[in-house]
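Beneath this line is the structure, given in structure tokens, with notes to follow.
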């Protein structure tokens, strides 16, 4: 029975991918095209297995080859084969893309949940508002004429206490007293005391 052994990379043995990567590091466009043609199916396949989306896989593969163009000089033939280096770049970039998409999705979920207004029942709100108005009008009827008149001028017409006292030709202290008594009467009538 024979034991399976790992393939051994012999030091300083160069392949044509090694040569192409060195040429890409020197900004050789033709070498980059040749490297791309020879490796794209494996790189794209690795990315697609991680991302499972053809569109994202194409974008990510493009990013990987841009990174290869920019950093081909960092490839060390003693550390492994050119294909292993490319597939490591591909895997890392694909995993980064997955993490980025998940983070974006979580941000959108948090933002969406925080910015969605709860549904409003306009009919129910209108009915409640009409009922509250009716109750206030009924309670206003329980006040004295002087209290009701002072409250109407202040709260419905927007006059200040001084303006109410001038309009009614009454002392400011008297108007304040009528207002306090009227508000107390409204609170009692509305059950807010």
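Positions of Cβ are set from backbone N, Cα and C atoms, glycine also.
For reference, Swiss-Prot has these:
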- 35-101: region 'Sigma-70 factor domain-2' (REGION)
- 59-62: motif 'Polymerase core binding' (MOTIF)
- 140-187: region 'Sigma-70 factor domain-4' (REGION)
- 161-180: DNA-binding region (DNA_BIND)
Rounded mean pLDDT for the residues that make up the DNA-binding region (161-180): 92
From the DSSP assignment alone, can you count helix, strand and coil residues within the motif 'Polymerase core binding' (59-62)? 4 helix, 0 strand, 0 coil
